[in-house]
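Student: After the structure tokens below, expect a handful of questions from me.
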């Protein structure tokens with residue numbers, strides 16, 4: 001499953017799915033489990049690219065040495081967008097919307113007091129670094145994956161997205177003086193999505209960049225340094241992450257910074273283009289996001305391809321949780337450099353874990369990042 005911080009829903013492709021895209025994936029149903037219980041409750045969700053629908057089922061989810069009885073979605077239809085996505089479902093780890101009726105996996109873990117702390121730590125890898133898997137740690141942070149201390153930013157008003165205030169973007173050492181911007185931290189989005197005027201300004205500072213519709217091209221050899229400032233801390237966005245596939249013109253690549261207003265006029269989607277440069281922590285107790293510079297091995301050249309990424313679309317959820325807020329949230333983001341997560345349950349874990357990182361239960365599983373995805377609901 002794809003780990004998605006931009007959504008709280010968890011679902012898999014069901015064995016009863018009739019859509020062509022389901023044939024490209026592993027499915028799950030009654031023939032795979034004797035304990036699955038299918039309900040009459042319908043669900044559907046439209047992401048930035050793609051839509052799925054189906055029914056809610058209940059079954060036991062097993063991972064990291066213990067079992068969790070949980071409801072989740074079983075997709076009976078899925079749009080063709082999912083044909084090429086290398087995943088068989090989505091594990092939603094975004095904050096739960098207060099209006100949602102179905103508890104999330106994270107809520108159940110918290111209710112049963114299975115975690116050392118009610119936090120999640122995520123480390124994404126790059127293909128160009130020779131590894132396609134990242135790591136997610138439930139209940140703790142992996143200090144071997146980042147340098148320095150974690151800096152925490154409070155989630156802005158609204159609360160059901162990991163949305164934090166953004167100070168500014170700096171290009172080759174020069175601030176662009178953005179004001180009142182916020183960013184949704186979203187592992188389910190491949191790109192960095194900004195309203196057109198914001199994306200125009202950034203690319204105007206990259207030599208020999210050009211625009212076509214919502215897309216931009218830049219020289220494949222560009223060395224322009226981009227930094228994102230959050231809570232007073234600057235985080236690099238390296239060229240190997242924002243310089244994407246080679247276009248039809250030799251030496252010219254597509255930029256993965258996209259000029260598309262996916263949400264509000266001052267809201268950005270901070271996808272994998274940004275997240276591959278940081279270690280990110282999601283604190284459910286204190287409603288905040290922690291960031292630190294990620295440790296990684298350097299490589300010289302980004303991967304190239306003759307195919308540009310598909311155009312993103314902006315669709316809101318239908319019949320499920322409400323879509324993202326239209327108005328940009330504003331709040332003062334606070335920074336903590338203690339490097340310590342918030343304290344969670346003090347109850348002993350109910351099951352041992354083969355990947356325990358301490359005397360308490362800390363769950364670690366591996367994740368892959370799919371290309372050209374925009375997943376928020």
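Each Cβ is built from the backbone N, Cα and C atoms, and glycine gets one as well.
According to Swiss-Prot:
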ACT_SITE  4  active site
ACT_SITE  186  active site
COMPBIAS  328-351  compositional bias 'Low complexity'
DOMAIN    1-292  domain 'Peptidase A1'
CARBOHYD  58  N-linked glycosylation site
LIPID     350  GPI-anchor amidated serine
REGION    296-351  region 'Disordered'
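Mind running through what each feature is packed against?
Tutor: Cβ-based neighbour count (10 Å, all protein chains) for residue 4 (active site) stands at 25.
Counting only residues at least six positions away in the same chain, the Cβ atoms of 36, 37, 39, 69, 70, 71, 72 sit under 8 Å from the Cβ of residue 58 (N-linked glycosylation site).
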Student: Measuring Cα to Cα, tell me the gap between residue 186 (active site) and residue 4 (active site) in whole angstrom.
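Tutor: About 7 Å separate the Cα atoms of these two residues.
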Student: For the domain 'Peptidase A1' (1-292), report the average pLDDT of the model, please.
Tutor: 92
